[in-house]
Amino acid sequence: MEPHKVVPLSKPHPPVVGKVTHHSIELYWDLEQKEKRQGPQEQWLRFSIEEEDPKMHSYGVIYTGYATRHVVEGLEPRTLYKFRLKVTSPSGEYEYSPVVSVATTREPISSEHFHRAVSVNDEDLLLRILEGGHVMIDVPNKFGFTALMVAAQKGYTRLVKILVSNGTDVNLKNGSGKDSLMLACYAGHLDVVKYLRRHGASWEARDLGGCTALHWAADGGHCSVIDWMIKDGCEVDVVDTGSGWTPLMRVSAVTGSQKVASLLIEAGADVNIKDKDGKTPLMVAVLNNHEQLVQLLLDKGADATVKNEFGKGVLEMARVFDRQNVLSLLEEKKKKMPRKSSVH
């Protein structure tokens with residue numbers, strides 16, 4: 001039987017570079033030898049890929065085996081890497097290939113870059129990303145907000161205009177049902193509010209709690225925005241579909257702002273309107289201990305004698321919840337009221 005013929009190793013070619021991304025490099029090599037493989041594996045040539053450590057100026061093995069392809073992963077974008085191939089014969093003889101240098105690509109633009117540009121008000125980066133066309137303009141961030149919602153909430157008027165001119169949908173809603181107009185109204189960004197209205201945003205839209213932009217503006221407490229909204233046609237006594245509350249009710253419940261309440265009342269808000277439980281703005285203000293708002297509502301004609309659906313009036317509510325200052329106001333008001341004639 002003829003002994004196994006040992007062929008002396010020649011210097012191998014450097015690895016061939018295949019697909020390169022921002023985080024991986026494909027290398028393959030010695031395709032001719034693969035065709036000639038015969039016999040048991042221990043008689044095959046063994047391959048190792050070594051990568052240079054640029055700080056130590058030395059090479060470390062990142063792959064060894066009999067395959068003729070390897071994908072190096074976990075790399076940094078836009079970085080130069082150096083590799084060499086080591087070929088070892090069954091007898092232990094080995095040779096190194098020349099070094100091959102490969103640079104990873106730039107990291108592709110993702111929705112994260114897009115949202116980051118909006119979040120930090122980077123107009124130039126936003127324009128570059130939009131011009132590249134790699135990102136869907138209405139893709140939400142991890143909180144369910146579109147870029148327009150973020151820009152509207154932060155008051156970045158120029159970014160709002162860029163996004164709208166590039167086709168963003170002004171009426172999209174986040175997970176709680178709020179649209180960009182509601183967010184801008186709450187945050188008090190009048191320029192953004194006006195621009196969104198000119199480009200199709202609606203006062204009639206409601207969030208999941210049934211609230212409109214005017215409810216959110218009342219919560220935000222920005223009088224200049226509320227004043228403009230009413231002049232633009234907002235219904236001042238619009239009722240939410242949850243509790244049956246008007247914006248004035250929201251003020252009584254949330255902030256107790258006299259300024260906002262005065263503005264709403266001057267625009268025609270009904271001080272004696274009732275919610276689904278028969279509560280009036282005065283009752284809600286009493287329950288939340290908004291003393292100055294209680295005084296304002298009384299001055300503006302709020303009826304202190306009405307009862308809710310359960311037969312409770314404001315005096316009883318103030319006593320039960322120990323609202324002493326509010327109780328004093330109500331009792332003072334009661335003293336000044338003309339006594340109604342009653343039949344005993």
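The chain as shown is numbered from 1 upward.
Positions of Cβ are set from backbone N, Cα and C atoms, glycine also.
From a predicted model like this one, the values you see are computed outputs, not experimental measurements.
Sequence annotations record features per position, and here Swiss-Prot assigns domain 'Fibronectin type-III' to 11-108. Per Swiss-Prot, repeat 'ANK 1' is recorded for 109-139. Per Swiss-Prot, repeat 'ANK 2' is recorded for 143-172. The feature repeat 'ANK 3' is assigned by Swiss-Prot to 176-205. What Swiss-Prot records for 209-238 is repeat 'ANK 4'. For 243-273, the entry in Swiss-Prot reads repeat 'ANK 5'. Swiss-Prot lists 277-306 with the feature repeat 'ANK 6'.
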Under 8 Å Cβ-Cβ from the repeat 'ANK 2' (143-172), and at least six residues away from its ends along the same chain, one finds 114-115, 118-119, 121, 123, 126-127, 130, 137, 178-181, 183-184, 186-189, 191-192, 195-196, 199-202, 205
With DSSP helix as H/G/I and strand as E/B, how many residues of the repeat 'ANK 5' (243-273) fall in helix, strand and coil? 16 helix, 0 strand, 15 coil
